[in-house]
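Annotation source TrEMBL lists domain 'Amino acid transporter transmembrane' at 1-375. Annotation source TrEMBL lists transmembrane segment at 20-43, 76-95, 115-132, 144-166, 178-198, 210-233, 253-281, 293-313, 319-339, 359-379.
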Amino acid sequence: FQGIFVLGLPYALLHSGYSGLFLIILAAALCCYTGKILIVCLYEEDEDGQLIRVRDTYEDIANACCKKLSPKLGGIVVNVTQVMELIMTCILYLVVSGNLLSHSFPYVPVTEKTWSVIAFVTLLPCVFIKTLKIVSKLSQLCSLVHFIIILVVMTYCLTQIHQWSWAKFRISIEFEDFLVSVGVIIFSYTSQIFLPTLEGNMKNPGEFRCMLNWTHFFACVLKTTFALTAFLTWGEETKEVITDNLPSFLQTLVNLCLLTKALLSYPLPFFAATEIVYACISRGNHSNYRSPLFSLGVRGSFLLLTLLMAMFIPHFALLMGLTGSVTGAAMTFLLPSLFHLKLKYKKLSFLEKCADISLFILGFLCSIAGVVCSIKGLLEVFG
(Lines of atoms letter the chains of each structure in order from A and count residues from 1; the text may use other names and numbers.)
(Lines give C-alpha, C1' and ligand atoms only; values in the text may rest on other atoms or scores of the structure.)
Protein backbone atom coordinates (compact mmCIF):
# COMPACT_ATOMS: atom_id res chain seq x y z
CA PHE A 1 0.00 0.00 0.00
CA GLN A 2 2.96 2.34 0.53
CA GLY A 3 4.39 2.44 -2.98
CA ILE A 4 6.37 5.12 -4.80
CA PHE A 5 3.02 6.79 -5.58
CA VAL A 6 3.08 8.13 -1.99
CA LEU A 7 5.82 10.57 -2.99
CA GLY A 8 3.38 12.20 -5.42
CA LEU A 9 0.65 12.80 -2.84
CA PRO A 10 1.84 16.30 -1.77
CA TYR A 11 1.75 17.31 -5.45
CA ALA A 12 -1.78 15.86 -5.65
CA LEU A 13 -2.78 18.09 -2.72
CA LEU A 14 -1.35 21.08 -4.58
CA HIS A 15 -3.88 20.50 -7.37
CA SER A 16 -6.83 19.28 -5.31
CA GLY A 17 -6.72 21.45 -2.19
CA TYR A 18 -8.92 20.48 0.75
CA SER A 19 -10.79 17.96 -1.40
CA GLY A 20 -7.51 16.01 -1.73
CA LEU A 21 -7.50 15.27 2.02
CA PHE A 22 -11.04 13.92 1.74
CA LEU A 23 -10.06 11.86 -1.31
CA ILE A 24 -7.16 10.17 0.53
CA ILE A 25 -9.58 8.97 3.22
CA LEU A 26 -12.35 8.05 0.75
CA ALA A 27 -9.96 6.11 -1.51
CA ALA A 28 -8.77 4.05 1.48
CA ALA A 29 -12.35 3.10 2.36
CA LEU A 30 -13.32 2.26 -1.23
CA CYS A 31 -10.21 0.17 -1.98
CA CYS A 32 -10.60 -1.68 1.33
CA TYR A 33 -14.22 -2.48 0.42
CA THR A 34 -13.42 -3.74 -3.09
CA GLY A 35 -10.65 -5.90 -1.64
CA LYS A 36 -13.15 -7.52 0.72
CA ILE A 37 -15.85 -8.18 -1.89
CA LEU A 38 -13.24 -9.66 -4.23
CA ILE A 39 -12.29 -12.23 -1.58
CA VAL A 40 -15.99 -12.91 -0.86
CA CYS A 41 -16.27 -14.05 -4.49
CA LEU A 42 -13.76 -16.85 -3.79
CA TYR A 43 -16.20 -18.56 -1.42
CA GLU A 44 -19.56 -20.34 -1.68
CA GLU A 45 -21.80 -21.83 0.99
CA ASP A 46 -22.12 -25.61 1.26
CA GLU A 47 -25.28 -27.49 2.27
CA ASP A 48 -24.61 -26.76 5.95
CA GLY A 49 -24.19 -23.03 5.34
CA GLN A 50 -20.41 -23.16 5.84
CA LEU A 51 -18.23 -21.03 3.59
CA ILE A 52 -15.93 -23.11 1.36
CA ARG A 53 -13.15 -21.65 -0.79
CA VAL A 54 -14.09 -22.94 -4.25
CA ARG A 55 -11.95 -20.51 -6.26
CA ASP A 56 -8.27 -19.62 -5.90
CA THR A 57 -7.54 -16.72 -8.23
CA TYR A 58 -8.94 -13.59 -9.84
CA GLU A 59 -9.13 -15.67 -13.02
CA ASP A 60 -11.35 -18.31 -11.37
CA ILE A 61 -13.79 -15.60 -10.26
CA ALA A 62 -13.94 -14.17 -13.79
CA ASN A 63 -14.53 -17.61 -15.33
CA ALA A 64 -17.35 -18.28 -12.87
CA CYS A 65 -19.04 -15.03 -13.90
CA CYS A 66 -18.69 -15.65 -17.65
CA LYS A 67 -19.28 -19.43 -17.76
CA LYS A 68 -22.63 -19.10 -19.57
CA LEU A 69 -21.13 -16.84 -22.24
CA SER A 70 -17.79 -18.63 -22.55
CA PRO A 71 -16.08 -20.88 -19.95
CA LYS A 72 -12.68 -19.21 -20.30
CA LEU A 73 -13.43 -15.72 -21.66
CA GLY A 74 -13.50 -13.99 -18.27
CA GLY A 75 -10.23 -15.58 -17.20
CA ILE A 76 -8.49 -14.56 -20.42
CA VAL A 77 -9.61 -10.92 -20.03
CA VAL A 78 -8.53 -10.80 -16.38
CA ASN A 79 -5.18 -12.49 -17.05
CA VAL A 80 -4.33 -10.17 -19.94
CA THR A 81 -5.30 -7.13 -17.82
CA GLN A 82 -3.31 -8.35 -14.83
CA VAL A 83 -0.19 -9.20 -16.82
CA MET A 84 -0.29 -5.83 -18.64
CA GLU A 85 -0.49 -3.90 -15.39
CA LEU A 86 2.18 -6.02 -13.67
CA ILE A 87 4.62 -5.77 -16.58
CA MET A 88 4.09 -2.01 -16.81
CA THR A 89 4.79 -1.76 -13.08
CA CYS A 90 8.04 -3.72 -13.47
CA ILE A 91 9.12 -1.51 -16.38
CA LEU A 92 8.31 1.60 -14.36
CA TYR A 93 10.63 0.41 -11.56
CA LEU A 94 13.46 0.00 -14.10
CA VAL A 95 12.83 3.46 -15.58
CA VAL A 96 12.70 4.99 -12.11
CA SER A 97 15.93 3.20 -11.12
CA GLY A 98 17.77 4.60 -14.12
CA ASN A 99 16.44 8.09 -13.40
CA LEU A 100 17.42 7.95 -9.72
CA LEU A 101 20.94 6.70 -10.48
CA SER A 102 21.53 9.43 -13.07
CA HIS A 103 20.40 12.10 -10.57
CA SER A 104 22.42 10.60 -7.72
CA PHE A 105 25.65 10.49 -9.76
CA PRO A 106 25.35 13.42 -12.22
CA TYR A 107 29.12 13.62 -12.73
CA VAL A 108 29.45 10.05 -14.00
CA PRO A 109 29.40 10.12 -17.86
CA VAL A 110 26.67 7.46 -18.15
CA THR A 111 23.25 7.85 -19.80
CA GLU A 112 19.98 7.18 -17.98
CA LYS A 113 19.33 4.10 -20.14
CA THR A 114 22.73 2.68 -19.25
CA TRP A 115 21.93 3.17 -15.58
CA SER A 116 18.70 1.22 -16.18
CA VAL A 117 20.78 -1.66 -17.60
CA ILE A 118 23.01 -1.57 -14.51
CA ALA A 119 19.92 -1.72 -12.29
CA PHE A 120 18.61 -4.60 -14.43
CA VAL A 121 21.77 -6.64 -13.75
CA THR A 122 21.07 -6.49 -10.00
CA LEU A 123 17.60 -7.96 -10.69
CA LEU A 124 18.82 -11.05 -12.55
CA PRO A 125 18.49 -13.29 -9.44
CA CYS A 126 14.71 -12.79 -9.74
CA VAL A 127 14.62 -15.65 -12.25
CA PHE A 128 15.33 -18.04 -9.36
CA ILE A 129 12.44 -16.87 -7.15
CA LYS A 130 9.97 -19.75 -6.88
CA THR A 131 7.88 -18.99 -3.78
CA LEU A 132 5.93 -16.08 -2.35
CA LYS A 133 7.83 -16.48 0.93
CA ILE A 134 11.04 -15.11 -0.65
CA VAL A 135 9.09 -12.22 -2.17
CA SER A 136 7.56 -11.43 1.24
CA LYS A 137 11.03 -11.14 2.80
CA LEU A 138 12.09 -8.70 0.09
CA SER A 139 8.84 -6.76 0.58
CA GLN A 140 9.62 -6.47 4.31
CA LEU A 141 12.96 -4.88 3.45
CA CYS A 142 11.19 -2.65 0.96
CA SER A 143 8.78 -1.47 3.68
CA LEU A 144 11.70 -0.72 6.00
CA VAL A 145 13.42 1.41 3.34
CA HIS A 146 10.14 3.16 2.63
CA PHE A 147 9.70 4.17 6.26
CA ILE A 148 13.26 5.51 6.32
CA ILE A 149 12.40 7.73 3.32
CA ILE A 150 9.17 8.93 4.94
CA LEU A 151 11.00 9.58 8.22
CA VAL A 152 13.73 11.67 6.53
CA VAL A 153 11.23 13.78 4.56
CA MET A 154 8.90 14.34 7.51
CA THR A 155 11.75 15.13 9.91
CA TYR A 156 12.99 17.84 7.54
CA CYS A 157 9.41 19.17 7.15
CA LEU A 158 9.01 19.41 10.93
CA THR A 159 12.18 21.52 11.13
CA GLN A 160 10.41 23.99 8.81
CA ILE A 161 7.18 24.11 10.86
CA HIS A 162 7.59 27.87 11.42
CA GLN A 163 6.88 28.37 7.68
CA TRP A 164 3.66 26.36 7.59
CA SER A 165 0.47 28.13 6.54
CA TRP A 166 -3.01 26.77 5.83
CA ALA A 167 -3.40 29.62 3.37
CA LYS A 168 -1.33 27.51 0.95
CA PHE A 169 -4.36 25.27 0.36
CA ARG A 170 -6.41 25.99 -2.74
CA ILE A 171 -10.12 26.63 -2.60
CA SER A 172 -10.69 26.75 -6.37
CA ILE A 173 -9.17 23.98 -8.50
CA GLU A 174 -8.68 23.20 -12.18
CA PHE A 175 -10.82 20.22 -13.24
CA GLU A 176 -8.10 18.56 -15.34
CA ASP A 177 -5.50 18.95 -12.57
CA PHE A 178 -8.05 17.55 -10.14
CA LEU A 179 -8.44 14.42 -12.31
CA VAL A 180 -4.67 13.87 -12.19
CA SER A 181 -4.81 14.12 -8.38
CA VAL A 182 -7.67 11.60 -8.25
CA GLY A 183 -5.59 9.14 -10.27
CA VAL A 184 -2.52 9.51 -8.05
CA ILE A 185 -4.52 9.17 -4.82
CA ILE A 186 -6.69 6.21 -5.86
CA PHE A 187 -3.89 4.20 -7.45
CA SER A 188 -1.64 4.68 -4.42
CA TYR A 189 -3.92 2.17 -2.66
CA THR A 190 -4.35 -0.47 -5.38
CA SER A 191 -3.50 -4.01 -4.32
CA GLN A 192 -6.44 -6.09 -5.59
CA ILE A 193 -4.29 -8.09 -8.01
CA PHE A 194 -2.36 -9.64 -5.12
CA LEU A 195 -5.21 -10.18 -2.65
CA PRO A 196 -6.51 -13.65 -3.71
CA THR A 197 -2.96 -15.06 -3.55
CA LEU A 198 -2.26 -13.25 -0.28
CA GLU A 199 -5.46 -14.51 1.38
CA GLY A 200 -4.80 -18.05 0.14
CA ASN A 201 -1.31 -18.03 1.68
CA MET A 202 -2.34 -16.68 5.10
CA LYS A 203 -1.96 -19.07 8.03
CA ASN A 204 -5.40 -17.93 9.23
CA PRO A 205 -7.51 -16.63 6.30
CA GLY A 206 -10.26 -15.76 8.79
CA GLU A 207 -8.17 -12.74 9.82
CA PHE A 208 -8.07 -11.35 6.29
CA ARG A 209 -10.83 -8.74 6.74
CA CYS A 210 -9.30 -7.51 9.99
CA MET A 211 -5.88 -7.31 8.34
CA LEU A 212 -7.32 -5.33 5.42
CA ASN A 213 -9.09 -2.88 7.75
CA TRP A 214 -5.99 -2.15 9.81
CA THR A 215 -3.56 -1.91 6.88
CA HIS A 216 -5.83 0.52 5.01
CA PHE A 217 -6.39 2.53 8.19
CA PHE A 218 -2.67 2.92 8.92
CA ALA A 219 -1.92 3.54 5.23
CA CYS A 220 -4.52 6.31 5.23
CA VAL A 221 -3.10 7.92 8.39
CA LEU A 222 0.45 7.78 7.05
CA LYS A 223 -0.47 9.09 3.59
CA THR A 224 -2.53 11.96 5.01
CA THR A 225 0.16 12.97 7.53
CA PHE A 226 2.96 12.74 4.98
CA ALA A 227 1.12 14.61 2.21
CA LEU A 228 -0.06 17.33 4.59
CA THR A 229 3.29 18.04 6.28
CA ALA A 230 5.14 18.08 2.94
CA PHE A 231 2.62 20.36 1.24
CA LEU A 232 2.49 22.78 4.18
CA THR A 233 6.30 23.00 3.99
CA TRP A 234 6.66 23.83 0.27
CA GLY A 235 3.21 25.02 -0.82
CA GLU A 236 3.12 26.23 -4.43
CA GLU A 237 6.71 25.07 -4.93
CA THR A 238 5.77 21.42 -4.32
CA LYS A 239 7.22 19.25 -7.11
CA GLU A 240 5.79 16.12 -8.71
CA VAL A 241 8.13 13.90 -6.67
CA ILE A 242 8.46 15.51 -3.24
CA THR A 243 12.07 14.36 -2.73
CA ASP A 244 13.09 16.85 -5.47
CA ASN A 245 12.21 19.63 -3.00
CA LEU A 246 14.79 18.44 -0.45
CA PRO A 247 18.20 20.13 -0.01
CA SER A 248 20.93 18.51 -2.12
CA PHE A 249 22.66 16.74 0.81
CA LEU A 250 19.39 14.97 1.74
CA GLN A 251 18.26 14.47 -1.84
CA THR A 252 21.16 12.15 -2.71
CA LEU A 253 20.56 10.04 0.41
CA VAL A 254 16.82 9.77 -0.27
CA ASN A 255 17.37 9.02 -3.98
CA LEU A 256 19.60 6.07 -3.07
CA CYS A 257 16.94 4.84 -0.63
CA LEU A 258 14.33 5.21 -3.39
CA LEU A 259 16.55 3.23 -5.72
CA THR A 260 16.79 0.44 -3.14
CA LYS A 261 13.01 0.56 -2.69
CA ALA A 262 12.39 0.36 -6.45
CA LEU A 263 14.70 -2.65 -6.83
CA LEU A 264 13.14 -4.41 -3.81
CA SER A 265 9.64 -3.65 -5.14
CA TYR A 266 10.33 -5.25 -8.54
CA PRO A 267 10.14 -8.95 -7.46
CA LEU A 268 6.47 -8.83 -6.34
CA PRO A 269 4.83 -7.77 -9.64
CA PHE A 270 7.44 -9.80 -11.55
CA PHE A 271 6.66 -12.96 -9.57
CA ALA A 272 2.89 -12.42 -9.91
CA ALA A 273 3.09 -11.88 -13.70
CA THR A 274 5.30 -14.89 -14.37
CA GLU A 275 3.14 -17.14 -12.18
CA ILE A 276 0.03 -16.16 -14.15
CA VAL A 277 1.68 -16.83 -17.51
CA TYR A 278 3.34 -20.06 -16.36
CA ALA A 279 0.04 -21.34 -14.93
CA CYS A 280 -1.76 -20.58 -18.20
CA ILE A 281 0.87 -22.31 -20.33
CA SER A 282 1.37 -25.39 -18.14
CA ARG A 283 -2.32 -26.37 -17.83
CA GLY A 284 -2.04 -28.91 -20.61
CA ASN A 285 -0.68 -32.42 -20.16
CA HIS A 286 2.66 -31.61 -21.77
CA SER A 287 5.36 -32.46 -19.23
CA ASN A 288 7.83 -30.13 -20.99
CA TYR A 289 5.71 -27.15 -19.93
CA ARG A 290 5.95 -28.15 -16.28
CA SER A 291 9.72 -28.63 -16.16
CA PRO A 292 11.92 -26.37 -13.98
CA LEU A 293 13.91 -25.38 -17.07
CA PHE A 294 10.79 -24.15 -18.85
CA SER A 295 9.75 -22.19 -15.75
CA LEU A 296 13.21 -20.60 -15.66
CA GLY A 297 12.86 -19.71 -19.35
CA VAL A 298 9.50 -17.98 -18.75
CA ARG A 299 10.92 -15.87 -15.93
CA GLY A 300 14.07 -15.05 -17.90
CA SER A 301 12.01 -13.97 -20.94
CA PHE A 302 9.86 -11.71 -18.81
CA LEU A 303 12.89 -10.16 -17.17
CA LEU A 304 14.42 -9.38 -20.57
CA LEU A 305 11.10 -8.05 -21.91
CA THR A 306 10.84 -5.48 -19.11
CA LEU A 307 14.36 -4.23 -19.88
CA LEU A 308 13.75 -3.93 -23.64
CA MET A 309 10.50 -2.03 -23.15
CA ALA A 310 12.11 0.29 -20.58
CA MET A 311 14.94 1.00 -23.03
CA PHE A 312 13.15 1.47 -26.32
CA ILE A 313 9.57 2.71 -25.78
CA PRO A 314 9.46 6.52 -26.10
CA HIS A 315 7.29 8.55 -23.71
CA PHE A 316 6.81 5.54 -21.50
CA ALA A 317 5.35 7.58 -18.64
CA LEU A 318 2.40 8.69 -20.76
CA LEU A 319 1.83 5.18 -22.07
CA MET A 320 1.99 3.96 -18.48
CA GLY A 321 -0.69 6.48 -17.54
CA LEU A 322 -2.88 5.34 -20.42
CA THR A 323 -2.50 1.65 -19.54
CA GLY A 324 -2.86 2.28 -15.82
CA SER A 325 -6.05 4.25 -16.30
CA VAL A 326 -7.63 1.25 -18.02
CA THR A 327 -6.14 -1.68 -16.11
CA GLY A 328 -5.90 0.02 -12.70
CA ALA A 329 -9.51 1.21 -12.64
CA ALA A 330 -10.71 -2.13 -14.02
CA MET A 331 -8.88 -4.29 -11.46
CA THR A 332 -9.62 -1.98 -8.51
CA PHE A 333 -13.24 -0.89 -9.03
CA LEU A 334 -14.91 -2.20 -12.18
CA LEU A 335 -14.29 -5.95 -11.97
CA PRO A 336 -14.62 -6.51 -8.17
CA SER A 337 -17.99 -4.72 -8.05
CA LEU A 338 -19.21 -6.42 -11.24
CA PHE A 339 -18.17 -9.91 -10.06
CA HIS A 340 -19.70 -9.35 -6.62
CA LEU A 341 -23.03 -8.36 -8.19
CA LYS A 342 -22.94 -11.31 -10.56
CA LEU A 343 -22.05 -14.04 -8.07
CA LYS A 344 -23.79 -12.79 -4.91
CA TYR A 345 -26.71 -10.72 -6.23
CA LYS A 346 -29.48 -12.72 -4.52
CA LYS A 347 -27.77 -12.52 -1.13
CA LEU A 348 -26.90 -8.82 -1.25
CA SER A 349 -28.88 -6.16 0.60
CA PHE A 350 -30.22 -3.12 -1.23
CA LEU A 351 -27.42 -0.93 0.16
CA GLU A 352 -24.74 -3.41 -0.92
CA LYS A 353 -26.17 -3.46 -4.45
CA CYS A 354 -26.19 0.34 -4.54
CA ALA A 355 -22.57 0.42 -3.28
CA ASP A 356 -21.41 -2.02 -5.96
CA ILE A 357 -23.23 -0.16 -8.76
CA SER A 358 -21.82 3.18 -7.54
CA LEU A 359 -18.28 1.75 -7.48
CA PHE A 360 -18.70 0.38 -10.99
CA ILE A 361 -19.78 3.81 -12.27
CA LEU A 362 -16.93 5.51 -10.36
CA GLY A 363 -14.38 3.10 -11.83
CA PHE A 364 -15.74 3.67 -15.32
CA LEU A 365 -15.58 7.46 -14.96
CA CYS A 366 -12.03 7.34 -13.51
CA SER A 367 -10.94 5.12 -16.38
CA ILE A 368 -12.45 7.38 -19.06
CA ALA A 369 -11.03 10.53 -17.47
CA GLY A 370 -7.55 8.99 -17.19
CA VAL A 371 -7.62 7.79 -20.79
CA VAL A 372 -8.67 11.23 -22.06
CA CYS A 373 -5.91 13.00 -20.07
CA SER A 374 -3.25 10.48 -21.19
CA ILE A 375 -4.24 10.64 -24.87
CA LYS A 376 -4.24 14.44 -24.69
CA GLY A 377 -0.72 14.31 -23.27
CA LEU A 378 0.44 11.92 -26.02
CA LEU A 379 -1.06 14.14 -28.73
CA GLU A 380 0.76 17.17 -27.30
CA VAL A 381 4.07 15.25 -27.23
CA PHE A 382 3.73 13.98 -30.79
CA GLY A 383 2.54 17.39 -31.97
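Placement of Cβ uses the backbone N, Cα and C atoms for every residue, glycine included.
Highlighted: of the candidate stretches 76-95, 178-198, 210-233, 253-281, 359-379, 178-198 has the greatest count of Cβ pairs under 8 Å to the transmembrane segment (20-43). Comparing 115-132, 178-198, 210-233, 253-281, 359-379 for CB pairs under 8 angstroms to the transmembrane segment (144-166), the maximum falls on 210-233.
Looking at 76-95, 115-132, 178-198, 210-233, 253-281, the range that has the most CB pairs within less than 8 A of the transmembrane segment (359-379) turns out to be 178-198. Same-chain neighbours of the transmembrane segment (76-95): 58-59, 61-62, 116, 119-120, 123, 193, 262-263, 265-266, 269-270, 272-273, 276-277, 280, 302, 305-307, 309-310, 313, 316-317, 320, 323-324, 326-328, 330-331, 335, counting only residues six or more beyond its ends whose CB sits under 8 Å from a CB of the stretch.
Using a Cβ-Cβ cut-off under 8 Å and counting only residues 6 or more beyond its ends in the same chain, the transmembrane segment (253-281) has close neighbours at 3-4, 7, 59, 79, 82-83, 86-87, 89-90, 93-94, 96-97, 100-101, 103-104, 119, 122-123, 126, 129, 132, 134-135, 138-139, 141-142, 145-146, 148-149, 152-153, 193-194, 197, 243, 246, 289, 295, 298-299, 302-303, 306.
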